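Shown next, in structure tokens, is the structure this report addresses.
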Amino acid sequence: MDDRMVDQSQHEDESSFELSLRPHFLKQYIGQASIKSNLEVFIKAAKLREEPLDHVLLFGPPGLGKTTLSNIIANEMNVNIRTVTGPAIERPGDLAAILSGLQPGDVLFIDEIHRLSSVVEEVLYPAMEDFYLDIVIGKGEEARSIRIDLPPFTLVGATTRAGSLTGPLRDRFGVHLRLEYYKESELKDIIIRTAEVLNTEIDEESAVELAKRSRGTPRIANRLLKRVRDFQQVNEDDMIYIETTKRALQLLQVDDYGLDYIDHKMMSCIINQYNGGPVGLDTIAVSIGEERITIEDVYEPFLIQKGFLERTPRGRKATPLAYEHFEAKNGKRDNFEY
């Protein structure tokens with residue numbers, strides 16, 4: 001699967017770009033009003049008690065700000081943060097090395113925490129609850145257990161698959177926060193802020209247009225802005241105007257709903273090759289040359305969310321809205337223009 005403009009996951013070359021755009025404190029963070037309000041209370045209370053913040057579980061779709069919030073938590077608590085991914089902690093010894101290097105009150109951020117191995121997870125339980133580790137040294141008859149006391153710390157876990165977490169791990173988080181898709185008005189504000197960080201002027205109409213096509217996801221909004229800025233600079237315009245924005249999005253093949261060429265290809269297949277469905281996922285995968293799991297996990301959730309696609313016991317089916325949007329009549333014609 002090629003990197004898509006509307007892919008919610010981070011592209012390989014985007015890490016430093018996203019880092020430069022991140023707000024550092026809650027007052028700078030746009031959107032997720034309920035989460036912000038709750039975190040303000042929890043953080044203030046923890047600081048009044050002079051205790052670390054309770055362990056925090058952040059979950060929701062990719063690109064909504066889980067990593068940003070973890071860094072904000074550390075900044076608000078005025079402590080250091082250590083960042084690691086679940087798959088990178090392969091053995092209990094890896095976890096012990098990370099935890100023993102923390103200072104009192106520090107934040108340990110584990111991204112993709114649902115991918116921790118069961119062996120590592122078992123070692124993590126007492127560390128979260130009672131701040132100690134039991135590590136087995138040696139093998140066979142010479143094996144012995146060593147207890148390592150740990151400084152109090154805050155674990156912030158992030159996952160796009162909260163349902164994949166085991167019950168015991170999930171229950172050890174005192175704070176559960178679900179990140180929701182952003183409103184278009186919030187995305188517009190994010191786009192304007194990002195443009196300021198990039199020293200680029202943008203008219204409000206362009207910010208609204210980009211927000212509308214960003215699938216409720218700041219990562220996509222910032223990515224689209226970055227590409228539209230390329231067109232603006234090549235045109236030698238003094239700012240990003242709506243005409244340039246619309247032309248750029250047309251060339252990038254991102255339509256009014258934030259659907260791209262792959263979404264159009266998939267819906268064209270269902271509507272025109274299979275008369276709108278129902279059609280099985282494996283059949284769709286073969287027809288468009290994609291893996292079944294990629295369609296199920298990456299492509300179809302947004303199409304279902306927007307009401308273009310329906311899951312039925314017999315397979316996937318295009319909705320009346322899909323026919324209307326894709327300009328397909330009776331499953332026989334398409335005119336996929338952006």
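Glycine is treated like the rest: Cβ placed from N, Cα and C.
What Swiss-Prot records for L21, R22, G63, K66, T67, T68, E129, D130, F131, R172, Y182, R219 is ATP binding site. DSSP gives F131 (ATP binding site) a coil state; it is part of no helix or strand.
According to Swiss-Prot, the Mg(2+) binding site annotation covers T67, on the basis of sequence analysis. There are 20 other CB atoms within 10 A of the CB of T67 (ATP binding site), with all protein chains counted. In the three-state DSSP reading, T67 (ATP binding site) counts as helix.
According to Swiss-Prot, the DNA binding site annotation covers R292, R311, R316, on the basis of sequence analysis. When Cβ atoms from all protein chains are considered, those within 10 Å of R311 (DNA binding site) total 13, not counting its own. The secondary structure of R311 (DNA binding site), as reduced to three states from DSSP, is extended strand.
Taken from Swiss-Prot, the feature region 'Large ATPase domain (RuvB-L)' applies to 1-182, supported by sequence analysis.
What Swiss-Prot records for 183-253 is region 'Small ATPAse domain (RuvB-S)', and it gives sequence analysis as the kind of evidence.
According to Swiss-Prot, the feature region 'Head domain (RuvB-H)' maps to 256-338, an assignment based on sequence analysis.
For G63 (ATP binding site), the nearest neighbour among the binding-site residues R292, R311, R316, judged by Cα separation, is R292. Between the binding-site residues R292, R316, the minimum number of other C-beta atoms within 10 Å of a residue's C-beta occurs at R292. Within the same chain, residues at least 6 positions away in sequence whose Cβ sits under 8 Å from that of Y182 (ATP binding site) are G31, Q32, L64, I190, G216, T217, P218. Under DSSP, R316 (DNA binding site) is assigned to a strand (E or B) in the three-state scheme.
Put simply, the two farthest-apart Cα atoms among L21, R22, G63, K66, T67, T68, E129, D130, F131, R172, Y182, R219, the recorded binders of ATP, are 37 Å from each other.
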